[in-house]
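Comments concern the structure below.
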Ligand SMILES: N[C@@H](CCC(=O)N[C@@H](CS)C(=O)NCC(=O)O)C(=O)O
């Protein structure tokens, strides 16, 4: 079995998948795709053959290519359900809650502050834009967490909801979102930031992190 992940150190979508790979204890190779240099490697023809949308991550499992972080995380959970951390609860309502939180972040928050969107918004407005939309999204996530969080996003076990939440929280900080408004999200972040899998997957620990070279 071979796993290769096309990833960018600061991409929250790649980061989600890296956390899942770490939580499952799977060996994988990172293939860095620089999203900014020379107009972005994601936009080059060679990468568009891997992901026609020109985005990271993409996972290559035994020569089979998969894109879309949500689907990749689901694939890893189905393929390796009994290995490492179980990313989706057995209880179908709890499982629905996990997917609800994932979707709020994956579909409802992250796409609005994606690099290509921010480039259209413009340099002078992008901080205000990102701050506004993450704040709007996090207000909703915090409300949902109010009814389902335990130690982590859904109950007391780490799930896929946490693998989406923690990278998005880092982006919130990057866009100067006032996190004092979001005590549950902040508490979950504190509970997980030093977890070995979350640390290994962190941007600062990636081979393409500029500070690392
Ligand atoms: N729905 C996709 C979104 C992927 C995505 O937006 N990736 C970002 C990095 S987090 C990207 O590659 N952006 C490149 C660009 O906007 O040009 C997923 O979840 O995998």
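From the backbone N, Cα and C atoms, a Cβ is placed for every residue, glycine too.
Pulled from TrEMBL, these are the features on record:
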- 1-84: domain 'GST N-terminal' (DOMAIN)
- 91-211: domain 'GST C-terminal' (DOMAIN)
DSSP-assigned states of the domain 'GST C-terminal' (91-211) in counts, ordered helix, strand, coil: 88 helix, 2 strand, 31 coil
Secondary structure composition of the domain 'GST N-terminal' (1-84) [DSSP: H/G/I, E/B, coil]: 33 helix, 17 strand, 34 coil
